[in-house]
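Below is one structure, written out as structure tokens; the observations come after it.
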Amino acid sequence: MLLLTPLQQPLLVAGGDFCRTRHCAAISYASSYGLNASCNKRKVQNEYNLRLRKPSLNHHYKGIGGGYTFQKYDMKFVVKATSEKSFGSESQAFDPKSVSDSVKNSLDAFYRFSRPHTVIGTALSIISVSLLAVEKISDISPLFFTGVLEAVVAALFMNIYIVGLNQLSDVEIDKINKPYLPLASGEYSFGTGVAIVSSFSILSFGLSWIVGSWPLFWALFVSFVLGTAYSINVPLLRWKRFAVLAAMCILAVRAVIVQLAFFLHMQTHVYKRPPVFSRPLIFATAFMSFFSVVIALFKDIPDIEGDKVFGIQSFSVRLGQKPVFWTCVTLLEIAYGVALLVGASSPCLWSKIFTGLGHAVLAAILWYQAKSVDLKSKASITSFYMFIWKLFYAEYLLIPFVR
């Protein structure tokens, strides 16, 4: 038995003509107690109309009379509507496309933070120099690939430390020179940059300790010291402020450490052979000394605006962009000329062809590209600088053919 509450009664009256007359109201009252009355049929019809016209009444009413039963169905629809809204919000919160975009943005930021052109250069140089330690075809074995992988991974970790530390020290400069970098653009906080740099330096030294190669350890340690001295802004350091010291840091790492230390890692640690300084190794060290000086000089040409503001006395700031640009081109052309002579004097015919012809082609491409550079356009200079790095990669493809 159901008694109508005071809140339910006005809703029933407002629903239509269900209880329009006193007579029908009495019948409704009687029928609620299961009594048969003469206007039962009319009441059924009215309640049916009421249900059709007002399906959203927010109460539960059950009338029993003449064997019929009214049940409220709208509650199911209300719950369903609420559930759909809830599931919709959850779907939006865990939208796969949104998660995918977030992952892509994170990877892109780290890609730019790692300075990929230096990563590629480091990996190619180590692989190329490692091949100089190969004396016979049987040396190309799982042992060789393991040794190369150990060196490449440890060096790439250190490379990220060095370029990351440079960005941490140059946030304000990079807002002018390289605003697309994550720290300069605000994508990375300073704390995030510190965490990344610290983590990769620890990973680099940790891997070298596990490997147990002294040449590998010293390569990483010297790179760590010079990379820190180059960038960090403390008294007596931040050597990038001084053109000669900056160039010497880059030359020491790219020309000397990479060639000698990683060759010795393969020669003494992997193959367990006595150290030797072969003709190809000497050529690689000499040639990359030229190339490292060119990179050290050229990298400051597109950054002249920010360097002037923050007092970085690069050669481009002191001498101007044009003299430094053509000095770099001339140094590279001289290096290619020396490489042609080395190739011509090789006792191996295939070495003559690859070394001589390869460097002649690179020298011609360099000269052609240099003449088309607009020194008044930062975009044009930056594009040519990246072309210099492509020549750097190409050289390491040719070095294993030197004999």
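Positions of Cβ are set from backbone N, Cα and C atoms, glycine also.
Taken from TrEMBL, the feature transmembrane segment covers 119-137 (among others). Here the transmembrane segment (119-137) has Cβ contacts under 8 Å with residues 144, 147-148, 151-152, 155-156, 159-160, 254, 258-259, 262-263, 265-267, 270-271, 273, 278, 280-281, 284, 288, 389, 392-393, 396-397, 399-400 of the same chain, all six or more residues outside its ends.
Per TrEMBL, transmembrane segment is recorded for 143-168 (among others).
Residues 109-110, 113, 150, 153-155, 157-158, 160-161, 164-165, 167-168, 171, 182, 216-217, 220-221, 224 of the same chain lie 6 or more positions beyond the ends of the transmembrane segment (188-210) yet place their CB under 8 Å from a CB of it. The transmembrane segment annotation in TrEMBL covers 188-210 (among others).
Here TrEMBL flags 216-236 (among others) as transmembrane segment.
The transmembrane segment annotation in TrEMBL covers 243-264 (among others). Listed as Cβ neighbours of the transmembrane segment (243-264) (distance under 8 Å, sequence separation of 6 or more from its ends, same chain) are residues 121-122, 125-126, 129-130, 132-133, 151, 155, 215-216, 218-219, 222-223, 226-227, 229-230, 275, 281, 284-285, 288-289, 291-293, 295-297, 313-315, 318.
Here TrEMBL flags 276-298 (among others) as transmembrane segment.
Here the transmembrane segment (324-343) has long-range neighbours at 283, 286-287, 290-291, 293-294, 297-298, 300-301, 315-316, 351-352, 354-360, 362-363, 366-367, 370, 373, 375, 381, 388, 391, 398, 402, meaning same-chain residues at least 6 beyond its ends whose C-beta is under 8 angstroms from one of its own. Summarising the annotation, TrEMBL assigns transmembrane segment to 324-343 (among others).
Residues annotated as transmembrane segment in TrEMBL: 349-368 (among others). Within the chain, the transmembrane segment (349-368) has long-range Cβ neighbours (under 8 A, six or more residues past its boundaries) at 329, 332-333, 336-337, 339-340, 342-343, 391, 394-395, 398, 401-403.
Sequence-distant neighbours of the transmembrane segment (380-399) (same chain, 6+ residues past either end, Cβ-Cβ under 8 Å): 117, 120-121, 124-125, 127-129, 132, 280, 283-284, 287-288, 291, 294-295, 298-299, 301-302, 321, 325, 328, 332, 339, 354-355, 358-359, 362, 365-366, 369-370, 373-374. The transmembrane segment annotation in TrEMBL covers 380-399 (among others).
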Positions whose Cβ lies under 8 angstroms from the transmembrane segment (143-168), at least six residues beyond its ends: 113-115, 118-119, 122-123, 126-127, 130, 134, 174, 181-184, 190, 193-194, 196-197, 200-201, 203-204, 207-208, 211, 213, 216, 219-220, 223-224, 227-228, 230-232, 240, 262, 265-266, 269-271
